[in-house]
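Undergrad: Copied straight from TrEMBL:
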BINDING   GLY15, SER16, GLY17, LYS18, GLY19, THR20, ARG131, ARG174  ATP binding site
BINDING   ARG41, THR62, ILE63, VAL64, GLY90, PHE91, PRO92, ARG93, ARG135, ARG146  ribonucleoside 5'-phosphate binding site
BINDING   ASN97  CMP binding site
Amino acid sequence: MSNLYKVVFVLGPPGSGKGTQCALIQKNFGLVHLSAGDLLREEQESKSQYGQLIAEHIRNGTIVPVAITCALLENAMKASGDCAGFLIDGFPRNQDNLDGWQKNMADKVDVKFTLYLSCKVDVCVSRCLNRKQGRADDNEESLRKRIHTYNTQTYPIIEYYEKLGLVREVATCRDTDEVYTDIEKIFKEAGF
Ligand SMILES: Nc1ncnc2c1ncn2[C@@H]1O[C@H](COP(=O)(O)OP(=O)(O)OP(=O)(O)O)[C@@H](O)[C@H]1O
Ligand SMILES: Nc1ccn([C@H]2C[C@H](O)[C@@H](COP(=O)(O)O)O2)c(=O)n1
Ligand SMILES: [Mg+2]
């Protein structure tokens, strides 16, 4: 039996429902949900030496250098104990994320596929503006920047995995339950 961590990346525009769907997958399949954005927000709040740098990137919708994010992800994976695998939400978000992951993690993990949650931009923006979680980047100006970063830097990463036959796309401009029904099939077919 392989000792490699099983990993599913979860990507999609801001507000497409990554966190919402990961919570359901975690509950029903026993994979551990690790949101790169949540880990960075926790690091920022912990008076880390990187706090200011992380806060600036989050406000500007730009991407934190991979050394920081990859270390947070690896530490969280090590701290998780036995589980069915990991849902890595919001990573790899750009070429720097992908390069850093390949360099440090490629030989420790088995990437099963990338779950791509697709959704129209206007629906995503409206969901974020109504989210009411007090996020510093859920405002119109930050959202414009986050969507620009998604279109120019994250979508090319989805295309990279698509060329490898590793993308499973689910449209999320529908009720949460309908979206999850499609996702459940994908995870069952993948043997989870
Ligand atoms: N299918 C859905 N229908 C309606 N609202 C939804 C749906 N999925 C998620 N939401 C709501 O939209 C908001 C954003 O969802 P969520 O936080 O899961 O998105 P996300 O992709 O993780 O966003 P981000 O990239 O900004 O972290 C939340 O308020 C959530 O409750
Ligand atoms: N790989 C990542 C993931 C997230 N961030 C930063 C920049 C994002 O705009 C912000 C919020 O992420 P979300 O919770 O929306 O997934 O966190 C990053 O720099 N690198
Ligand atoms: Mg999220």
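Even glycines carry a Cβ here, placed using N, Cα and C.
All annotation found in TrEMBL is predicted automatically rather than curated by experts.
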Undergrad: Quick check for the class: what is the C-alpha distance, in angstrom and rounded, between ARG135 (ribonucleoside 5'-phosphate binding site) and GLY19 (ATP binding site)?
TA: 14
Undergrad: Can you tell me which of these binding-site residues sit near ligand 2, meaning the Cβ is under 6 Å from at least one of its atoms: ASN97, ARG131, ARG135?
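TA: Near ligand 2, sequence order: ASN97.
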Undergrad: Just counting, how many other CB atoms are there within 10 A of the CB of ARG174 (ATP binding site)?
TA: 15
Undergrad: What are the non-local neighbours of ILE63 (ribonucleoside 5'-phosphate binding site), defined as same-chain residues 6+ apart in sequence with CB under 8 A from its CB?
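TA: Once residues fewer than 6 apart are set aside, ILE63 (ribonucleoside 5'-phosphate binding site) is near HIS57, ARG93, ASN94, ASP96, ASN97, THR149, GLN153.
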Undergrad: What is the interatomic distance between the Cα atoms of SER16 (ATP binding site) and GLY90 (ribonucleoside 5'-phosphate binding site), given in whole Å?
TA: 11
Undergrad: Within 10 Å of LYS18 (ATP binding site), Cα to Cα, which of the binding-site residues ARG41, GLY90, PRO92 are there?
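TA: Taking ARG41, GLY90, PRO92 one by one, the ones whose Cα falls within 10 Å of LYS18 (ATP binding site) are GLY90.
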Undergrad: Determine, to the nearest whole angstrom, how far the Cα atom of GLY15 (ATP binding site) is from the Cα atom of PRO92 (ribonucleoside 5'-phosphate binding site).
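TA: It is 17 Å, counting Cα to Cα.
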Undergrad: Can you tell me which of GLY17, LYS18, ARG41, ILE63, PRO92, ARG135, our binding-site residues, come within under 6 Å of ligand 1 at the Cβ?
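TA: By the Cβ criterion, which requires under 6 Å to ligand 1, the hits are GLY17, LYS18.
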Undergrad: Out of LYS18, GLY19, ARG131, ARG135, ARG174, which binding-site residues have CB atoms lying under 6 Å from ligand 3?
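TA: So the answer is LYS18, GLY19.
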Undergrad: DSSP secondary structure for SER16 (ATP binding site), reduced to helix/strand/coil, please.
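TA: The three-state answer is coil.
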Undergrad: Please find which two of GLY15, SER16, GLY17, LYS18, GLY19, THR20, ARG131, ARG174 have the most distant C-alpha atoms, given that the record lists them as binding ATP, and give only that distance in angstrom, rounded to a whole number.
TA: 17
Undergrad: Near GLY90 (ribonucleoside 5'-phosphate binding site) in space, meaning Cα within 10 angstroms, which of the binding-site residues do we find among GLY19, THR20, ARG131?
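TA: Of GLY19, THR20, ARG131, within range: GLY19.
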Undergrad: Counting Cβ atoms within 10 Å across all protein chains shown, which of the binding-site residues SER16, THR20, ASN97 comes out on top?
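TA: When each Cβ's neighbours within 10 Å are tallied, SER16 leads.
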